[in-house]
Amino acid sequence: MLLVLGRRVSLSFVKRVIPQDPVLLSKPILQNFRTIQFRVIHSSTVFAIATRQNTDTMPERRPFVRLPTDVYPVNYGLCLKPDLIDFTFEGKLEAIVEVNLATNQIVMNCADIDIITASFVPEGGEGEEINATGFNYQNEDEKVTLSFPSALQKGSGTLKIDFVGELNDKMKGFYRSKYATPAGEIRYAAVTQFEATDARRAFPCWDEPAIKATFDISLIVPKDRVALSNMNVIDRKPHPEDDSLLEVKFATTPIMSTYLVAFVIGEYDFVEGQSSDGVTVRVYTPTGKAEQGKFALEVAVKTLPFYNDYFNVPYPLPKIDLIAIADFAAGAMENWGLVTYRETALLIDPKNSCSSSRQWVALVVGHELAHQWFGNLVTMEWWTHLWLNEGFASWIEYLCVDHCFPDYDIWTQFVSADYTRALDLDALDNSHPIEVNVGHPSEVDEIFDAISYSKGASVIRMLHNYIGDEDFRKGMHSYLLKFQHKNAATEDLWDCLEQASGKPIALVMSSWTKQMGFPIIVVDQEQQGDDRILKISQKKFCASGPHNGEDCPNWMVPISICTGEDPGCTKLKVLLDSPETTITINNVSPDQWVKINPGTVGFYRIQYSSAMLESLLPGIRDLTLLPVDRLGLQNDLFSLSRAGMISTVEVLKLMEAFVNEPNYTVWSDLSCNLGVLSSLLSHTDFHEEIQEFIRDLFTPIGLKLGWECKQGEGEPPGAGGHLDALLRGLVLGKLGKAGHKPTLEEARRRFKDHVEGKQILSADLRSPVYLTVLKHGDSATLDTMLKLHKQADMQEEKNRIERVLGAISAPDLIQKVLTFALSEDVRPQDTVSVIGGVAGSSKHGRKAAWKFVKDNWEELHNRYQGGFLISRLIKLSVDGFAIDKMAAEVKSFFESHHAPAAERTVQQCCENILLNAAWLKRDADDIHQYLLKRKAPPV
């Protein structure tokens, strides 16, 4: 599943924000962290896991028990008949089961379903049909126990259950999704979202990833609707009792987990293609929008053979469908053979879609198709290993996009979108290890977060770099072959990679997956003749400063080193497996700089001695450092300033050195960090001075890019065109928001022409123009924008407007935007980004959004409970506060308004608020003096 996570991206320009998104948020661990837990790995190494913790302890978790194994399914024969008017469904289950141990009860998962009758028929017809005499629902555990009057004997049999359920409006289980026909009539589709634990809302089942079976699915649907499931249709016939209905029967699936089962009933058009290895690929779109499926089709048709070749294992199904669902909580879901998407993650209109949307669609398609092997063919044994599924797919989606679109410079973008985001979250005391013991469904929801996805992807990228591509692929191939159609744990992958590479993979990787956090690598140097001697040490990095104290955890850190002689080439690789070491690099002249972590691949922060840092800075101005390393250096220093290890003024001075910077992603990361600083300083009376700093920094690049795309940009993107388009949108939006007069005037002129239909804005300019005119707009501007929203036929355009509405400044208009967020005009999954846009835009917006969330808590919680959207909502609403008492207020609100799926998120937010407050106290005066001084005329 891809979440719409809050990527570290400047507001409104890049789509990867889940979770906007899936991309999804966080999970408490059962131990109380004040005690040190030791885990022995390979008997010789002991890691002290997660040592410091905040003062709060997690509430006690209820004991959780997995399903008994005395009866397990072999095949589910499932027939469902949804009612698209009354929002109910009827179901018939005939499951072939194996009784391992004689028993008079069967325990299954079941939620929000009423069982009408249940019976068991032993195989061979020798025994009579045994009717169940009782159904005991354990609602909190989402289980049902079927009791039988006599013991079911060992052997095979058929379990028959008739049941009814509700097509809910919670975007999970078997649910209804609202859409409008081309004529404007409101209708509903019936669709599914089962990961992690919601197949049990569609039919009684053994809803655990390791209990795999085959599925024979039939759907009884209105004859004018499209019916889809994981497999191809093998039979279609009129329903004997009602000739307006059709019974659609699908081929038997391979053996698979329940969370990957899917069915969709609705009205759709499609485009079709065939991959070079003979798989039929279809992209289903809303009626009348087939054209908008072509880009995703092109990506999918290229991607399947890429993975086929990379894994050296063929795609196992005859077809794959990709379908856009109107109401959809995540970004997308990898159901085997029937992948479901948000409309914005699949549909591209050649005229009205911006470059960041195309890139987002390519990444999401790459992510979900990777799961067809990694997750679907081989599945994690339990949710503890979820990170392996999601971290791996979040890494390889970039490999795939780099193959399909080399001009996207996508690996540099990975560092800004995933790597730095994971470092920020994992520096908190309330982070969690990548591998987390989970039990109850509410705990499972909580680990769909940036640690599972972005840190997971980052450590896999580091591992891939450590092993090398050839051995990595060899190991992946043997892992998929060995465990196909089965389940595996993290250790199984390490074994296969260890055998392929001959390196101590399990030993190295355990330090990254079983303990939370990461190290800061402290580096000093001295010159001895022609050699450079480096002193390197590691300690845990914490957002509140370096970890000082006993029980400091250690990591096995793959360290690469390059020099100024050849910045793109690694001169030396070592594995740091102790707290400190000394390294000699031969033949390095005194005038050459030395850099740790070229490519910014290792998952750690770096603190250089001042002399080393000084020698690296010219490489930023003259661009001799690689873009990804210019970005990494700036990002490390920014996080050291937040942690109080250096002054923020030092970072502002460094930022001024980026005046010649041409690279989009480097600017994107700078912009993001300046956004954090601007938000922090909105709590002071010199907020305008940081706006002036932003205007000064961004003006030269703004002038250079101008408003019009140059030749080679646009559609189809030429070399560099895609990135220039992204950069132009970013820079103009930044200048406009900061009140740069020429940008504001031009934005207003273009907006007027756009609204009057004289000159329609290109898709890439819409976000920055909308943001600029709203930020400096009045009630007429807001009304015009809401009118544009109502007229927009494309979800992408609606979302684009929704994400910037919060920029409006007047308090009464902010209130109007918040009310709009919960209106019928905004799809339920998008309300969160409207509220988040308000909270992120100004000090007043932040207060208003938090009050709005509290006042409407019941409705919001009811809508998003038990999903990652509730975590996302909380994070967006409160993360920007910077006053100690706000942390106490947030904590106390959630003590009386429980949100089990967001417990860890609440703790992380409270921690962030306290960190912001400390940062402000520590550095505000110095920042103010610096900003005044740089403007003062020279004496």
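In case you wondered, yes, glycine gets a Cβ from its N, Cα and C as well.
In TrEMBL, annotation is done automatically, which means it is predicted and not curated.
Record features (TrEMBL):
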- 73-260: domain 'Aminopeptidase N-like N-terminal' (DOMAIN)
- 295-512: domain 'Peptidase M1 membrane alanine aminopeptidase' (DOMAIN)
- His367, His371, Glu390: Zn(2+) binding site (BINDING)
- Glu368: active site, proton acceptor (ACT_SITE)
- Tyr453: site 'Transition state stabilizer' (SITE)
- 593-913: domain 'ERAP1-like C-terminal' (DOMAIN)
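The number of other Cβ atoms within 10 Å of the Cβ belonging to His371 (Zn(2+) binding site), over all protein chains shown, comes to 26.
Apart from His367, His371, Glu390, the Zn(2+) site neighbourhood in this chain, defined by C-beta within 8 angstroms of the site C-beta centre, holds Met1, Leu2, Glu334, Glu368, Ala370, Phe374, Gly375, Asn389, Phe392, Ala393, Ser394, Glu397. Cα-Cα distance from His367 (Zn(2+) binding site) to Tyr453 (site 'Transition state stabilizer'): 11 Å (rounded to the nearest whole number).
Across the structure, Tyr453 (site 'Transition state stabilizer') and Glu390 (Zn(2+) binding site) place their CA atoms 5 angstrom apart. Mean per-residue pLDDT, taken over the domain 'ERAP1-like C-terminal' (593-913), amounts to 94. Every protein chain considered, the tally of other Cβ atoms within 10 Å of the Cβ of the residue listed as 'active site, proton acceptor' stands at 29. A straight line from the CA of Glu390 (Zn(2+) binding site) to the CA of the residue listed as 'active site, proton acceptor' spans 10 Å. Cβ crowding, taken as the number of other Cβ atoms within 10 Å, peaks at Tyr453 among the recorded positions His367, Glu390, Tyr453.
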